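Here the structure comes first, spelled out in structure tokens, and everything after it is commentary.
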């Protein structure tokens, strides 16, 4: 930790010293009068040199920041689509959705609220942690399976009424 602070201090000293030295050198730069064809001398550090010449066209000047901004925007969009389509991200999103549905079921939220949260019967089945073989079986005394069947019939009736 002490070495880190020493390194940080040394870097700040080196870069701070070079910036102070370059600022004094920059302030002393002068453009000769013969190059300017003007009766007065002016200091380079006092004025902006962008569009200093009347012959430059503002529309033709290249702006580097706009180009960098568009490149960064396309890079972030491609990164976002790549990360969103990656398998680990999708698995994490499915686990998060499953735990969210489990919490809703434990709270005893109504079927209407589950439907409004776009919970599908398959998500409901997974959240109840039922075995896939139970889905097709005729076990009637399993309360979780009965709850699933009730939600599935409710969901299908809502989908039919929404379609008409």
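Every residue gets a Cβ built from N, Cα and C, even glycine.
Restricting the average to the motif 'RxLR-dEER' (48-63) gives a pLDDT of 56. The feature motif 'RxLR-dEER' is assigned by Swiss-Prot to 48-63.
The signal peptide annotation in Swiss-Prot covers 1-20. Here the signal peptide (1-20) has no Cβ contact under 8 Å with any residue of the same chain six or more residues outside its ends.
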